[in-house]
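Colleague: Input: one structure, supplied below.
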Amino acid sequence: MLTLVRRRTLAQWRLLEGIVALVTLGTALLGVGALLMGPTQDRSFTAGVEETTPQQTAVTAFIGGVKASDAVAVRDAARAVIADALRPLDPTFTSSATSRMRRLGDGQRLGYLVSTTSLPERAALTSGRWADGAGETVVPEAAASRLHLAVGDRISVGREIGTRPVENSVSLVVVGIFRAASRTGWERDPLAGSGYDAAYTDGSLPRLSPTYGPFVVDDATFLATGSTIDALQVTGNPTLTRATNQSMNAAVGALRSADGLLSAQVVDQVDISRVASDLPETLSQVHAQQAATRSTLLVVLLLGTVMALTALLLAGRLLGDVRASERALLADLGLGRDQLVVSTLAEVLFIAGAATVLAVPVAALVHSAVTHLPALAAAGLSQRPAVTPGLVLVEVASAILLALALVIPMVGTARLGSRAARAAQSGVDLLLGVVAIAAWWQLHSQPPTATTDDATLILAPVVCVVAVTVLAVRWAPVLLAAVAWAASRSTALVLPLATSQAARRPYGGAALALLAMATASATFGLALQTTWDRSQDDQAALRVGTDLSFALSTPATDREAAAIAAATRGLATSAVIDRPLALGQYVGSGEDDSAPVLVAADSRRAGTLLRGRLDQGRTWTTIGDLLAPGPAVVGLPLSTGGVTVKGSAPRGVPIEVTPTLLVQDASGFRRSVSADAVPLDGRSHVLAGTGHLEGAHLVAAQLTLSGRTTPGATSVTVDLSVRTPDAGAVRDWHVEKLGAPDTPVTGAAASVTSSAGATTVRTTVQLDLGFLAYADGDVLVTGFKRPAALPVAVSERLADVVGTKVGGTISATVEGVPVPLQIVAVIPTVPSAPGRVAVLADADTLSRILIGLGHLEPVVDAWWVADPAPKTARDLTRLDLGEVTTRTGVAAQLEQGPLRAMVPAALVLLVVAAGLLLLAGAALVVGADRPARSAEVARLRALGLTRRQVTRLVLVEHGILLGLVVVTGAAVGVVASVALGPSLVRSDVGVAPVPAAVLVWPWGRESAVVVGALVGCLLIATVITFVVVRRSGPEQLRAADS
Amino acid sequence: MVVARGLTRTYGSGPGTVHALQDVSFDVAPGEMVALVGRSGSGKTTLLNLIGGLDQPDSGTVRVDGTEVTGLDDEGLSQLRRDSVSYVFQTFGLVPALTAAENVGVPLRLRRTPAVEREKRVALLLELVGLRDHADQRPSELSGGQQQRVAIARSLAGSPRLLIADEPTGQLDAETGLGVMGLLRGLVESEGVTAVVSTHDPVMMALADRVLTISDGRLT
């Protein structure tokens, strides 16, 4: 028997070669998949964790109410608890201590001391050096400018406020001035890194106080002050290069008990203590991303396995057909079925062994090549070829599994009668249809927030593609028969004969299914990859909201605005307000992203600036038009002469005015300029600090009137004059009372007059002098009319949760100022606030409303830039004013991040594997019956067909069949892509993306794939046809009919 | 109709050389039915292939209906087979994917016969071989005898001058073979075709006008 097997193997070596190649291909594919899901995913885990921000993985102990004498012990205890939790990750530590508020000087001004080891990472020095000696301090730029501090100056930080305060003052020398590098890292700072707050309160202070800080000193200096520590933070940062799934899981597990451990240790020394970390959430997100990537890999592997199994079933059947007569002969000679099975198994195991030997190095090499693809290499996932015991084990198992698929068709099974076969086929078709619909339905109805390994995500596409392919190819013979019938009426020879042959040859479902499935998988994989890519771009566009976002670390000043304007000269830019929003009674649903947010930008540039997909054919330009602020605010142009104030009050009534001017620069940036009090004495006073405002425009002014005088009513006038020849152009100035309804101001009016070279805004105020003795009177004059409501486009989510629609109004609060919102549009989502409860407004309109309600401080949080040059991002980064985020950068991170880069790579792998299996299948279909076909060609030649005619006949027959099946497969790919593609795309946290993915059908590449498949199949058919025709000769005329 | 002179055909070289035909010469008159007999491997099929232009002799010539077959190129040979010579094979040689009628119609398609005329001719030929009711059946649905009758009908479809049949009853049982032989004989007479038939069957020999015996590549 062994001799028979050996000799037969030698005789049929060509066919067996092909089968070994097929098993090798399938086995190698599974091996590559195993390597991608094993070592590469492990590597991607570490790389992905390394890419997280320190805030995402840091573990921080927050401790409040610590005496200076206990500080060191408490800090050590916290450090020990964190170190224990993060032991496998060898953490490094930073700590900071924030003192209770202290008096600055004699007034209401407050300041606070901080000792921190992480300041250089969170801030940039603008002058001087970091403090590292006793009595030295560095101060924020905003505090330094307002306190008129420079390097080398001394400042005295006075007694603490609150109960049982530390009384002694601290004298510090300023050695450096810094600016917060970004908003992150300053969340726990009392002033959030801004350095100054004109009206600070922590809830315990008796009144709002101007507050400055932090005054950063070294640890020894801090402890020497004896300050009560309001907040002590000890932060452990894990060494992420050591992060593995196991070590991270262990750390997260240990963190659960860290809080209790710390509390137990320091309960007697502190008011409160808490250990907090985003590490569990971060790890959960990493796992979710891994699961999403793994889902795609498994889809690719399952499709590849199904195709390989189909190819092997086909190969087994063809081999079985070739050996049918031999099998019958052996059966006649007395060979039992068991013996046949045993001999077949032996042969199959030999094939599996040969395939394993080949597949192991092939898998290692292909895996290495895949990890060297640019995206994976950039993500740090490149690996050298390596043969591991795990790979060998997978390959052996895969080869045996795949090779076993050969056994049944090779041994042969009883065939059903035609009626029974039709009934069975109908039943199978029905079942396939039901299964495909069920899989599609399951995929569509799954919750968009599913983040774990989801069997639906993996199985649904495979089931649908396989089932629809099998059903679709059932129609191929029917269609061919119709073509054959139509062609049969012609007098031609080749086409009718070729179509008839193509329609009636017993190719078998497996052959057609393999070819169609391979084409479907390739087109589906390509469409899914393109859809996935586009979705990442869409997510990035919506996440950033524009092409480049420059988020300021602290509120902008005019100098910074000018620097930003210089860096973005010639580009479409907009100052952006991005603030939390209180919407009536709605404060969020408790989910992290449910808190309402306001995004306001320059609506006149919306079409150029804003990114993100809109629906119903709308564009950002049309949305921007709905939000437009109306005519621009012009104001009064300022000259070198500054602003002059002349006030008059009745004689003997000592009243003074403190003006706060609001000026607007050429870019539209508005800021307030405070001036000293001026007596209303009928004389002109040039306001100090207004002489350098040339080029800017005065757009508003707040006039604070004060004075202690006898009760009664009077009228005063305040003239604000600018020396500008053409200032008279804008005469429409408005005045409003500010503050509570009860105010010393009982009436006010404004008028504008022009004289030669000067323009004057006169404000006439009626005052209740008795009231004025107790409270100041504030009026605001503006060069524009305050809008009654803020037109906004609201996100669909907001419209849903608040239950509003276009035309409705909502009362909202921005920065503590009540702002009525008028809804002019509902949009899918607001740029930079994907999927959130958010409103989009015009920044200028919002600014006018806030100014009109007395909020004169700049509210610019960021700058948005459209179509930036590469150097723009670099220039802005160099300004050290905040963080630059680009849409392309975020898209690249989403597409090529270590946890994500494998998704497109896996889909490319699917396309390649499908292409190879398609060609292998085509070779099997066309070449398997080569001997019989040669005999047939010989007979046709004997009938008088020329060599050319017979070549065309065979070629056209193969071409029609392969072409039809490839086109059918492409159609299945289209159906699968439309039905499933968008549902399979996941965001970087493994949930349904925002905005929802939409199918992108890459016509060019899809056409190339289909044409490539056709050309490849036809090339194979051509080669084999020429071989068949060449080998057909008279010696085959006696061959038995096939 | 057939004039063969000095036909020699050798396969292989060296010690394994097979002399299939050695200096074979004979004539077949128009309308004559010649039986070619001999043991297996005697050279019958080789001789038929040389007559039909399916193979080329090492030396010698064959003239069919005045045409020098050995001097024709591939196109000429195809035209010869299309217009003058037809074959009946031992293994029937039907195209499995085509029905009986379609198989019979292949030579007519080669001549670009209009569809209506083709269908009439096919129906007539199937009627002639007694298979009118089996026109739409495919070879796998026909018995061996029926398949051979389809093959004979096909061989006559192009109105050939010469019919070459290589053991046409070789795969048939005695009774079926007898029917096929009778059919062949009858058609040769009715259609005025010249036939060269290789056979082992004594009945066929009896039906032939003349018997040529070949042994070890030589006519005896």
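Backbone N, Cα and C define each Cβ position, glycine as well.
Quick paste of what TrEMBL says about this protein:
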type: TRANSMEM; residues: A:15-37; note: transmembrane segment
type: TRANSMEM; residues: A:297-319; note: transmembrane segment
type: TRANSMEM; residues: A:340-366; note: transmembrane segment
type: TRANSMEM; residues: A:386-411; note: transmembrane segment
type: TRANSMEM; residues: A:423-443; note: transmembrane segment
type: TRANSMEM; residues: A:455-486; note: transmembrane segment
type: TRANSMEM; residues: A:507-528; note: transmembrane segment
type: TRANSMEM; residues: A:905-929; note: transmembrane segment
type: TRANSMEM; residues: A:950-980; note: transmembrane segment
type: TRANSMEM; residues: A:1008-1029; note: transmembrane segment
Colleague: Could you name the stretch, out of A:15-37, A:297-319, A:340-366, A:455-486, A:507-528, with the greatest number of CB pairs under 8 A to the transmembrane segment (A:423-443)?
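Modeller: Of the candidates A:15-37, A:297-319, A:340-366, A:455-486, A:507-528, A:455-486 scores highest.
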Colleague: At a C-beta cut-off of under 8 Å, are there same-chain residues at least 6 beyond the transmembrane segment (A:1008-1029) that contact it? List them, or none.
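Modeller: Apart from its flanks, the transmembrane segment (A:1008-1029) reaches 515, 518-519, 522-523, 526, 911, 915, 918-919, 922-923, 926-927, 930, 933-934, 937, 947, 950-951, 954-955, 958-959, 962-963, 966-967, 969-970.
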Colleague: Counting Cβ pairs closer than 8 Å, which of A:340-366, A:455-486, A:507-528, A:950-980 has the most of them with the transmembrane segment (A:297-319)?
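Modeller: Maximum Cβ contact count belongs to A:507-528.
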Colleague: May I ask you to check whether the transmembrane segment (A:905-929) and the transmembrane segment (A:340-366) make contact, with contact taken as at least three Cβ pairs under 8 Å and only pairs 6 or more apart in sequence counted?
Modeller: no
Colleague: When you look at the transmembrane segment (A:455-486) alongside the transmembrane segment (A:15-37), do they share 3+ Cβ pairs under 8 Å, ignoring any pair fewer than 6 residues apart in sequence?
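Modeller: Touching, no - the transmembrane segment (A:15-37) and the transmembrane segment (A:455-486) miss the threshold of 3 or more Cβ pairs under 8 Å.
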